[in-house]
There are 4 protein chains.
Amino acid sequence: MSTIAFIGLGQMGAPMASNLLKQGHQLSVFDVNPLAVQALVDKGAKASATPSDAALDAEFVITMLPNGDLVRSVLFGDSGVCEGLSREALVIDMSTIHPLQTDTLIAGMRAKGFSMMDVPVGRTSDHAIAGTLLLLAGGTPQQVERATPVLMAMGNELIEAGGPGMGIRVKLINNYMSIALNALSAEATVLCEALGLSFDVALKVMSGTPAGKGHFTTSWPNKVLKGDLSPAFMIDLAHKDLGIALDVANLLHVPMPLGAASREVYNQARAAGRGREDWTAILEQVRASAGLNNQQC
Amino acid sequence: MSTIAFIGLGQMGAPMASNLLKQGHQLSVFDVNPLAVQALVDKGAKASATPSDAALDAEFVITMLPNGDLVRSVLFGDSGVCEGLSREALVIDMSTIHPLQTDTLIAGMRAKGFSMMDVPVGRTSDHAIAGTLLLLAGGTPQQVERATPVLMAMGNELIEAGGPGMGIRVKLINNYMSIALNALSAEATVLCEALGLSFDVALKVMSGTPAGKGHFTTSWPNKVLKGDLSPAFMIDLAHKDLGIALDVANLLHVPMPLGAASREVYNQARAAGRGREDWTAILEQVRASAGLNNQQC
Amino acid sequence: MSTIAFIGLGQMGAPMASNLLKQGHQLSVFDVNPLAVQALVDKGAKASATPSDAALDAEFVITMLPNGDLVRSVLFGDSGVCEGLSREALVIDMSTIHPLQTDTLIAGMRAKGFSMMDVPVGRTSDHAIAGTLLLLAGGTPQQVERATPVLMAMGNELIEAGGPGMGIRVKLINNYMSIALNALSAEATVLCEALGLSFDVALKVMSGTPAGKGHFTTSWPNKVLKGDLSPAFMIDLAHKDLGIALDVANLLHVPMPLGAASREVYNQARAAGRGREDWTAILEQVRASAGLNNQQC
Amino acid sequence: MSTIAFIGLGQMGAPMASNLLKQGHQLSVFDVNPLAVQALVDKGAKASATPSDAALDAEFVITMLPNGDLVRSVLFGDSGVCEGLSREALVIDMSTIHPLQTDTLIAGMRAKGFSMMDVPVGRTSDHAIAGTLLLLAGGTPQQVERATPVLMAMGNELIEAGGPGMGIRVKLINNYMSIALNALSAEATVLCEALGLSFDVALKVMSGTPAGKGHFTTSWPNKVLKGDLSPAFMIDLAHKDLGIALDVANLLHVPMPLGAASREVYNQARAAGRGREDWTAILEQVRASAGLNNQQC
């Protein structure tokens, strides 16, 4: 069992700390909210007056805070973690913050001789309570190996995301994709309603196609991800179908800003000479727009 | 076995007609391309000089044409299907055309006393050859029942989409969703590359979340589709995460027009007072933007 | 004075025809609405039973119709203009229709040996009544010279837009720019309100900058239009300022979809290596996106 | 003549400080770059070791820095302005920073008993050298009156933007409008080129319409700004024309993301029942999207 400093006892942090206690770890906790601290003390934790105090003698320091400025302040501020931390300890930031700030924080800790990794979590506060969070571990293999017994007290699935900073990166990508997809799904569903089509029928059809299953595991693996851009379904035709959908949506008064933006991406792909390539070549088109070199295509 | 007129022998139509012949149906075929006609004649079809001729004595007339103006012309033009068609026949348009034009064509046929349905197909030309197309049937139960034995010679899965015009509608929704999703997936993947994150890691994480599995069967059923907008994940937080992703993308020079458009949808949802509702409430937000009243769909 | 067939007596066409009568021209008129025809007959016009009848003996045929399909039908349909038209007559389409359809119609008329030009109008129905329309003339110099006396009965300013088809093109560009600019202006004004800033103050400042005066005659002539992309104001800084504006707008709940889209255009310009070029280089960026080679326009 | 602390001697700050010296003011200057300091010392300024030192005995403190974090640090940091400042002095921030950060800084200064205003500048570094900057003054009437003699040494036009914080707000609005308009102008111009239309002709037409003159002083004053939404040009028609422009642009491979976004704004206006209102009612539509109540602004 380990000696752990836990800083940040909010909606997620509190049950995570509780689960560490249940597994027999020794916890020193810190939060600006004394009620949150007391609740953990009642479960066996030790209250600390400052992050620095919490970090004294800790083998692990876990931070679970609302934003990156707070993590910075907790680590580097007055009476911050750095003032009490041993060079042998491992700092684990589990907050969801800006990835480039994570890089800065890890570099700052390294410059002072400290070891730090990022392990943001997936799923919800219910999973935090149940100890079944998804752990997205950004760290060296040694850091991950060392942290795993502690982390698995809070979650039931750990994905190694690569080196330090990669945990927060994969969380960002996942959230970007799911949040934007949510808005796109709403557009399709409202167009469905405006067309007088049963949503159940649409769902049945989409459940068998990339519309419902996504592209990553259906249309992409044997085409663009293999460098094969020969057309199974041409960009020209995809562009045409988008145009029909937008035309119908505009006739029926269904605003579709994501659809409108995507049509211009296909428009640009055609302008770049990709009209007769497979629709999955849109990945290469977006890569080119980002100034990445044209390897695949 | 049935007597069928088949009009439109292109990349999709030709193998579909062949499969009908293989099942023992009698075919009269028409196409502007004499080579396409001859290929079917070699397999046992009868060539017709005009759509009207093909329709004579036919129990079914199938059209598989590149656009709606051609379907209109084949049905209603000089020497068109209407001139030769029996009132007992069933016309099946399998083309992918503008849904509101489908409605007009079906209404025009009905006004002349003819029965017509729409059955566009899913999947690819390889499936057309194999006879394993997905059949999206828009018709009355009677029309669908009558057409099924003929249709199943060309496909292996038939989905009843609702009444006449619903087949083309569900195809439109499916294609809209999959084509726009393709562009969104490209944005997430290029941002992943620009962040130096392994795509395999991102894929592993997304395969367990709505990012990879879609929302229709994960986040929506127990929330917005049930009328429960209490937050499992708040719109305010989704909006914040999108903002971070766009900030990072703009720092790294990754253009994300769909992401940028989606952030403004969440922005508008917050302006409408939905910030503390569940992120799936974005469906209700888009419905309101479309002027639909706030009932559950 | 000339003999003129005038087809299409709607909100714009009726006063335009009246003004021709006032100038002493002889008019044969046609419209599907008998009341509209009678009103012109009361002012001295002759009613025609069909477009073909109207066109008989006419030196000029003017069409002013709601869309291109109607123009096509009036020209080429049964009892259409072509059936009565002299090879010496000049057809002037003043309707606002799709430019590529204008090209098709002019080519179709030319193939039959007829002369046709396009002269859509600017301004409002009040100007149509006053005879002070803006005339956007697409035609050969000979066509324009010949039509001018007739046209100037309806307007007070004529701009030669280039050859046939250019009148409708310049109308499209003008309308595109003014309509989209209207939405952009609304975003800036609502952000102004949300910031608690006086609109009069904003207006006073913008009236002295490209924000209010436009770029065509201010920032562009000495920079991108001359091929000088050295920075007076860098794309990097423009991109940064857009980011601040969008950040503020998202904090204040002001949706700005045009602003969000424009930020991604600058983002792409930076990805293309244009960050330190003058902001007017965004023109070259959009040209490149459209697949146009990098010459000055 | 006044005693002035000037902090920030970059591309803009250096010539502004020089102009203050030329007018006979006494300057204490500070910058992290010793060469920049020396250049001003050579012209008669006094070098200060810290912002605090510069502020000692100063009647005015002017900051001209690259971002808001630097302004905060210069004011409130160790050896910052606050440590040396007299309660009678006036702090003038002329930097271009985030407006909500300006508010925070001004409030922070006020809490310490200091007087601060914001006066960001318009125009270019050439104007800074010539002393002909545009001064956007955010301050109380008393602050503006007191600062004017000093400010007019650096510029030749001063616009009172309202109270503290309004200078930076009006700069933000102006820059937002001009930067996004730049991208929109590029779309229209590239579509012009793709259509084979002379840009000079387009310019000639647009110079007489809101496309070139803007809406603020043409279409808006007698319509939406007066509360008159009766249609001179209907939203329905504006939406239709945008649709034609986008259709042409997609046929000609001209990506127009701003145009596509604006079409969806008009689409939403129609969904909200505004189709038959004047096109200037798009302002009310955007206000409603932002959750502002439907008063005239």
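Placement of Cβ uses the backbone N, Cα and C atoms for every residue, glycine included.
In TrEMBL, annotation is done automatically, which means it is predicted and not curated.
Bear in mind that the values here come from a model prediction, so they are computed numbers and not experimental data.
Lifted from TrEMBL, the feature list:
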{"type": "ACT_SITE", "residues": "A:K171", "note": "active site"}
{"type": "BINDING", "residues": "A:Q11, A:M12, A:D31, A:L65, A:T96, A:K240", "note": "NAD(+) binding site"}
{"type": "BINDING", "residues": "A:R123, A:N174, A:N175, A:Y176, A:M177, A:S178", "note": "2,3-dihydroxypropane-1-sulfonate binding site"}
{"type": "DOMAIN", "residues": "A:3-159", "note": "domain '6-phosphogluconate dehydrogenase NADP-binding'"}
{"type": "DOMAIN", "residues": "A:165-284", "note": "domain '3-hydroxyisobutyrate dehydrogenase-like NAD-binding'"}
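On the structure: features taken from TrEMBL.
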residue: A:M12; record: NAD(+) binding site; Cβ within 10 Å: 23
residue: A:D31; record: NAD(+) binding site; Cβ within 10 Å: 24
residue: A:L65; record: NAD(+) binding site; Cβ within 10 Å: 21
residue: A:T96; record: NAD(+) binding site; Cβ within 10 Å: 27
residue: A:R123; record: 2,3-dihydroxypropane-1-sulfonate binding site; Cβ within 10 Å: 20
residue: A:N174; record: 2,3-dihydroxypropane-1-sulfonate binding site; Cβ within 10 Å: 25
residue: A:N175; record: 2,3-dihydroxypropane-1-sulfonate binding site; Cβ within 10 Å: 25
residue: A:Y176; record: 2,3-dihydroxypropane-1-sulfonate binding site; Cβ within 10 Å: 26
residue: A:M177; record: 2,3-dihydroxypropane-1-sulfonate binding site; Cβ within 10 Å: 29
residue: A:K240; record: NAD(+) binding site; Cβ within 10 Å: 17
Can you tell me the CA-to-CA distance separating A:M12 (NAD(+) binding site) and A:Y176 (2,3-dihydroxypropane-1-sulfonate binding site), as a whole number of Å? 21
Could you give the number of helix, strand and coil residues in the domain '3-hydroxyisobutyrate dehydrogenase-like NAD-binding' (A:165-284) as assigned by DSSP? 82 helix, 2 strand, 36 coil
Can you tell which of A:Q11, A:S178 has the most other C-beta atoms within 10 Å, given these are the binding-site residues? A:S178
Against chain B, with Cβ pairs under 8 Å, which of the binding-site residues A:Q11, A:M12, A:D31, A:L65, A:K240 show up? Give them in sequence order, please. none
What is the separation, in Å, between the Cα atoms of A:R123 (2,3-dihydroxypropane-1-sulfonate binding site) and A:D31 (NAD(+) binding site)? 23
Which ones, of the binding-site residues A:Q11, A:R123, A:M177, are Cβ-proximal to chain D (under 8 Å)? none
Let's check the environment of the residue listed as 'active site': how many other CB atoms sit within 10 Å of its CB? 24
Taking every pair from A:Q11, A:M12, A:D31, A:L65, A:T96, A:K240, which the record gives as binding NAD(+), the longest CA to CA distance in angstrom is 56
Roughly how many Å lie between the Cα atoms of A:T96 (NAD(+) binding site) and A:N175 (2,3-dihydroxypropane-1-sulfonate binding site), rounded to a whole value? 11
Using the residues the record lists for 2,3-dihydroxypropane-1-sulfonate (A:R123, A:N174, A:N175, A:Y176, A:M177, A:S178), what whole-number Å value is the largest Cα to Cα distance? 15
If you measure between the CA atoms of A:N174 (2,3-dihydroxypropane-1-sulfonate binding site) and A:K240 (NAD(+) binding site) and round to the nearest Å, you get 29
